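A.B. asks: What follows is a structure written as structure tokens; I'll ask about it next.
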Amino acid sequence: MAPSFTARIQLFLLRALGFLIGLVGRAALVLRGPKFASKTPPPVTEPLLLLSGMQLAKLIRQRKVKCIDVVQAYINRIKDVNPMINGIVKYRFEEAMKEAHAVDQKLAEKQEDEATLENKWPFLGVPLTVKEAFQLQGMPNSSGLMNRRDAISKTDATVVALLKEAGAIPLGITNCSELCMWYESSNKIYGRSNNPYDLQHIVGGSSGGEGCTLAAACSVIGVGSDIGGSIRMPAFFNGIFGHKPSPGVVPNKGQFPMAVGGQELFQCTGPMCRYAEDLAPMLKVMAGPGIKRLKLDTKVHLKDLKFYWMEHDGGSFLMSKVDQDLILAQKKVVVHLETILGASVQHVKLKKMKYSFQLWITMMSAKGHDGKEPVKFVDLLGDHGKHVNPLWELIKWCLGLSVYTIPSIGLALLEEKLKYNNEKYQKFKAVEESLHKELVEMLGDDGVFLYPSHPTVAPKHHVPLTRPFNFAYTGVFNALGLPVTQCPLGLNVKGLPLGIQVVAGPFNDHLTLAVAQYLEKTFGGWVCPGNF
């Protein structure tokens, strides 16, 4: 379905406006922003930091390692590294040490055997970090919005409570983009997070603080949310694992902002971690009763899976071209699956993928089943009280006087152009339904789709302002409602992470998680910064 001439003109103007805003923002930020030398955090020397959450929990249960030593090792690492990456924005070290001491005391009593402990507390004593957008009792919950800088959580978000009940010990909260609606994690309250593989590069957003914290070995498991790639982009840019579950499986309650209207269908809460073996156990805990909708205990025979792959979106002029090193990394996976695993692998051309951005933005502007419209972004900026004039804020920002970031001001300016239009909605809803049907029929219950995570590796700071639509490589799967696991594939010649998205049909999360574990064993998984 080719877009009309009018639609082409509108898309061109939209891209031009975004590009101009990006140029203004990048120029000013380059002039005003802090400078960093190209360096990485020091390599890990403490062996405890190189174990998965599952391995740590097992050693703690077996009383081979004290929980207090594990937590102290992570606190030491955070103190050494976090000033460079600015991933964790509020510590809870004192509380964490008390909780670790309580775990050791419980184990010293030897009232329960290892099997009982594993059943009750699968993450007993495992360090955890949480995206600041989620409620963590006693911690800030501003989502980087200056108007909410004094907001302190009085309770835990549902997933945070479930992980704590499973024995995990939160070390702190991690940075995000302002109101979780941009793919660079920077805001006026906490500042900017930096990529541990090169501090001059972005960490992604909106769960970017979580991504760089995990990548730098300052945490082992973490909580993220994803409405357009906010788990998968940070996981990709930082060389870790992240999973966007099938919609409606993991509860979203307890985060700000909460999606309303049609957006409720796209927002997903999910696990982020360094080691693939932690994904499924985390998902089981975080989903609570919703886990019954998945088949995580089903044995997956990878050789019997059908693999499909596509190296780019088909040529949307809104998006950048996919980097050659990402295409080569994907082809290495394809060749391995064909020649070593002996699986069925097929190259496909899904023509409607080039409408990814249009599908995402159209669905995001839709009304919910109850007729509710999504909350306007400009209203969120004012926290439902203060009136915000985006044009005036842009002028103030250029003078260094605005309390908002340039991506938020730009989005508020563009919002009127992107608002709900019934004719456009019906047009792209038909495209979305057609593409969804095509993918679901292709994948069935035994197929996975390999697709680029982003057109480029982690860009330098501020570059996303001139490439505002590239997130659509992840956002399209929110619009389609499919489960996706982000998998690292080593580093490129410049030392920046490579990776790939693994997509499955609805509620077939177990397939993507199984492929993630296989790719980790085959291609090495997470690479510690400073060790290359």
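Backbone N, Cα and C define each Cβ position, glycine as well.
Sequence annotations record features per position, and here TrEMBL assigns active site, charge relay system to K131, S206. Residues or ranges marked as active site, acyl-ester intermediate by TrEMBL: S230. Taken from TrEMBL, the feature coiled coil applies to 93-120. Here TrEMBL flags 69-513 as domain 'Amidase'.
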A.B. asks: Within its own chain, what residues at least 6 apart in sequence put their Cβ under 8 Å from the Cβ of K131 (active site, charge relay system), listed in sequence order?
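C.D. replies: Result: I173, T174, C176, S206, S207, G209, E210, G222, V223, G224, S225, Q255.
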A.B. asks: Which of these active-site residues has the least crowded Cβ, counting other Cβ atoms within 10 Å: S206, S230?
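C.D. replies: It is S206 that, of the active-site residues S206, S230, has the fewest other Cβ atoms within 10 Å.
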A.B. asks: If you average per-residue pLDDT over the domain 'Amidase' (69-513), what number do you get?
C.D. replies: 96
